[in-house]
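Taken straight from Swiss-Prot:
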BINDING   Glu170, Arg214, Ser364, Arg368  L-aspartate binding site
BINDING   Arg214, Ala215, Glu216, Arg222, His223, Leu224, Glu361, Gly409, Ala410, Glu411, Arg412  ATP binding site
BINDING   Glu361  Mg(2+) 3 binding site
BINDING   Glu361, Ser364  Mg(2+) 2 binding site
REGION    192-195  region 'Aspartate'
SITE      Lys85  site 'Important for tRNA discrimination'
Amino acid sequence: MLRTHYSNEITEELNGKRVKVAGWVQEVKDLGGIKFVWIRDREGIVQITAPKKKVSEEIFKLIPKLNSEDVVVVEGIVNFTPKAKLGFEIIPEKFEILNRTQTPLPLDPTGKVKAELDTRLDNRFIDLRNPKVMAIFKIRSNVFRAIREFFYNEGFIEIHTPKIIATATEGGTELFPIKYFENDAFLAQSPQLYKQIMMATGLDKVFETAPIFRAEEHNTTRHLNEAWSIDAEIAFIENEEEVMDVLENLVVYAINYVREHNERELKILEFELEEPKQPFPRVTYDKALEILSDLGKEIPWGEDIDTEGEKLLGKYMSENEGVELYFIYKYPSEAKPFYIMKYDEKPEICRAFDLEYRGIEISSGGQREHRYEVLLEQIKEKGLNPESFEFYLKAFKYGMPPHGGFGLGAERLIMRMLNIGNIREVILFPRDRKRLIP
């Protein structure tokens, strides 16, 4: 390898030892008889100090010719000294330019010169050199790591379902059509039907992390047309509240994992991530509408709570209950998909729930209808053709246990966790209504 150490691996035990560091030139300072170079790598900054009397003439002449963002590798001796900004410096013995950068740069990777979001996204490879941007994606990586760890610890089995499908998951029109040889097909908007089929196999508890595709024309700070979904399905449940328990514990596990393993990144972002308060409050749909009505926001019974309503409710729960995460459940059946189980004693209400985080829905789930005849009728009630769902319905004919699950939006979870205002900030190459490149 071209480097022996990242910047954060240089400790006092290495004082007087030879190391090799590599990265991008962040800053050069020429004070005549002494020259400085600050090199940035994935983990931080390294100071290279080149006194004329201690380095070769070749290195001394090379340093002033460096440009910001040149890629370099430096071999030298570590010197811990209070005179260095970072507490240590490297006196270079070898200094190699691996690649020159063109100038001017399309944006400033330090973030000192502000750039529009579109400019940043068009040049994402430079944007990520900004420590604050990189911190987001290090946290994202650990969120996915924590999620997998949680599921495996809880006895879940990881599955991978098709992303090219023949029919709509929920009967909607918000699908991206594609040509599949002589057939018409679509990009999957959810693994919903497939993870439910898995409940008839005996696997009992499954999860998947994968992209989903939704042809919604929303162009907002909270919508993407390609996003990552964290899906789970659990067999042999008694009711939807058991699924809510799993989702709550998953989200808490992920947040606390970031708190423990991303202290440096949170410090870079100047953000204090608080431990979630448990248990998450569980607010019925009717109660949510009552709260909103008291706040001057009227929503007709049976309709979804809109963006404004979510924000108002989020503010109310924060100010009055001191919580950022809470469930809304017991929704009107007409507001939820065909596969959600209704209450037998009150069929206008169903066993669905949403998880809200700081006024944004980050997850939906519920107990599913596992009884074949009832499910068939619910498909018809939604105006859908059962023949389009034959592959799915077949699994319900031969022994389908009671089950439930959820889908959790990874980007929404991360943007709310870090209190970031635009969902495009937390995915590398966003796909939205107007962005297809890069």
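Cβ from N, Cα, C; glycine included.
Among the recorded positions Lys85, Arg214, the residue whose Cβ has the fewest other Cβ atoms within 10 Å is Lys85.
Listed binding-site residues: His223, Arg412; maximum Cβ neighbour count within 10 Å falls on Arg412. Summarised by DSSP class, the composition of the region 'Aspartate' (192-195) is 4 helix, 0 strand, 0 coil.
Within the same chain, residues 159, 161-162, 169-170, 206, 208, 231-233, 337, 339, 389, 391-392, 405, 407 sit at least 6 positions outside the region 'Aspartate' (192-195) and bring their C-beta atoms closer than 8 Å to a C-beta of that stretch.
According to DSSP, His223 (ATP binding site) sits in a coil region rather than a helix or strand. Taken as a whole, the region 'Aspartate' (192-195) shows an average pLDDT of 97 in this prediction. Our reading of the ATP binding annotation (Arg214, Ala215, Glu216, Arg222, His223, Leu224, Glu361, Gly409, Ala410, Glu411, Arg412) yields a largest Cα to Cα distance of 19 angstrom. In the structure as shown, the Cβ atom of Glu361 (ATP binding site) sits within 10 Å of 19 other Cβ atoms.
Annotation for Glu216 (ATP binding site): spatial neighbours Glu174, His223, Asn225, criterion Cβ-Cβ under 8 Å with sequence separation of six or more. Rounded to a whole number, the C-alpha distance linking Arg412 (ATP binding site) with Arg368 (L-aspartate binding site) is 24 angstrom.
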